[in-house]
Amino acid sequence: MKGSHLFLCLLSVSCCLNLMPTAGNKIFHFGLCRVSMSVTEIRSGFTAIKANIQARDPIRTLSILSYPHSLHKVKSLDRCCITHHLFNFYVDKVFKHCKTEDSYINRKISSIANSFLSVKRKLGQCHEQNKCLCGQESDEKFKQILANYEGLNVTSAAIKSLGELDILLDWIEKSP
């Protein structure tokens, strides 16, 4: 009997530890989806290369993520959908075209991309479980972001999108 109590106690502790975010991670709520991620780690990697990346951006008059109302006033239930779209966008389009001649910068970009890939997978699971529903408003906001991106050549658009990563991170951290 004592062995079964010990087993239940260990099982309970193990389950609690698995539900807790790892060091530096925080749980974000995007609609019905909960995702653990370390925005601090991503932001740290981005801060290390931000000035370099933004200096490579030849077009200062256009913004991909800040276009009026792109990420502003997204309804709570639409947050998962647009976040899912944005992480797919960064993994599938942006990071693939952000190569520089500087190996340090490339390593930082790769590290950020790996963090995004992990979150993309988690959001994909929510999407598959129908916890990440897409409304018309989130689809329209993402289409505007995509149109801004596709209005530039691939390399310029990728560099600009990477240079605006702090806009996305700020928006994520302001999630309710």
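Cβ coordinates are placed from backbone N, Cα and C, and glycine is handled just like the others.
Looking at the candidates CYS15, CYS16, CYS134, TrEMBL gives CYS134 as the cysteine bonded to CYS81 by a disulfide.
Noted from TrEMBL: CYS126 is disulfide-bonded to CYS33, selected from CYS33, CYS98. TrEMBL lists a disulfide bond between CYS132 and one candidate from CYS80, CYS98; that candidate is CYS80. Long-range C-beta contacts of CYS81 (disulfide bond), restricted to its own chain and to partners at least six residues apart, with a cutoff below 8 Å, comprise GLY31, HIS127, CYS132, LEU133, CYS134, GLY135, SER138, ASP139, PHE142.
Spatially close to CYS80 (disulfide bond) yet at least six residues away along the chain are PHE30, GLY31, LEU32, CYS33, LEU123, CYS126, HIS127, LYS131, CYS132, LEU133, judged by Cβ distances under 8 angstroms.
Note on the disulfide-bonded residues CYS33, CYS126, CYS132, CYS134: the fewest other CB atoms within 10 A surround the CB of CYS134.
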